[in-house]
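Trainee: Pasting in a structure now, in structure tokens, and then I'll have a few things to ask.
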């Protein structure tokens, strides 16, 4: 296994690797219901106002991926966190005003470990797009395109991104907690949360496959290593070899705060379907991931996708389009088009 501490990769005595993307520790209740997806989203939305939009964003994402591969999972995770809280409206990019007591989504405790590379990618792409198509393209559409690019750059499917999102006018940290999946979420909790966004059981299992790239801090899975559900024993559903490797870098008390583990035990930096085979082999890093293989409702989908890469890619593209339509804003009454993604339009 390999463990990353800050920017350095440390080896351990086993060639397993693990990953997390999207998920943060705790449990979710009372998620905000999703708005109905708008009919106006279109692949060709910017055909006249910014015809080279996809190419402009691609020039940034490809460079970012070369210089800092972690930009991929960071941006995909950023897109997930944006869409699940008040919809895909780039509200997660808003910075808290100096001196303000009202924190934005970005400052919420559950978003504190979102990597800077994701934000940097969107800001660089936005700056380039603004120089070519001033005031035309929303930050939320740029984030959606960038996430798609990184899925493809990491080896995953290329799919068309429907556009026409407007940026959200509000961003509050208090809206985050009950709308983000957790590292210890049960399958029931995940199903309820995804259903509140208009996403099905299949969508949930498929989108969880984004965990084929990314990272998780020790705090997100340390409970499984030493005291699973208060038993003072490790999670019996974790492979002993993985358990031993993770314990070497993640102590039960103190230390390990800056250590993260790449998750996919066979192809940690490649977007593929190995994630599902890992779950079948008890090699899931997060309890929420491993639970998908154990539950009789989600287990059959895990086994199916573990055997069929093409099906996973096809379903993932569809699920990403579906998630990308959650809570979309349209028009000046409900949205805005920011030139600076970190600041609301005055």
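Positions of Cβ are set from backbone N, Cα and C atoms, glycine also.
According to TrEMBL, the protein carries these features:
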- 1-28: signal peptide (SIGNAL)
- 40-345: domain 'Plant heme peroxidase family profile' (DOMAIN)
- 181: substrate binding site (BINDING)
- 212, 264, 267, 272: Ca(2+) 2 binding site (BINDING)
Trainee: Just to verify a number: CA distance, residue 272 (Ca(2+) 2 binding site) to residue 181 (substrate binding site), in angstrom, no decimals.
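Mentor: That comes out at 22 Å between the alpha carbons.
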Trainee: To the nearest whole angstrom, state the Cα distance for the pair residue 264 (Ca(2+) 2 binding site) and residue 181 (substrate binding site).
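Mentor: Here the two Cα atoms are 19 Å apart.
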Trainee: At the Cα level, what's the spacing in Å between residue 212 (Ca(2+) 2 binding site) and residue 181 (substrate binding site), rounded?
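Mentor: Taking the Cα atoms only, residue 212 (Ca(2+) 2 binding site) lies 16 Å from residue 181 (substrate binding site).
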Trainee: Looking at Cβ-Cβ distances, which residues of the chain lie under 8 angstroms from residue 267 (Ca(2+) 2 binding site) while being 6 or more apart from it?
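Mentor: The list for residue 267 (Ca(2+) 2 binding site) reads 212, 274, given in order along the sequence.
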Trainee: So for residue 181 (substrate binding site), how many other CB atoms are inside 10 Å of its CB?
Mentor: 25
Trainee: Looking only at 264, 272, which of these binding-site residues has the biggest number of Cβ atoms within 10 Å around its Cβ?
Mentor: 264
Trainee: Give the mean pLDDT for the domain 'Plant heme peroxidase family profile' (40-345) on the 0 to 100 scale.
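Mentor: That stretch averages a pLDDT of 95.
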Trainee: Using a 10 Å radius around its CB, how many other CB atoms surround residue 212 (Ca(2+) 2 binding site)?
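Mentor: That number is 29.
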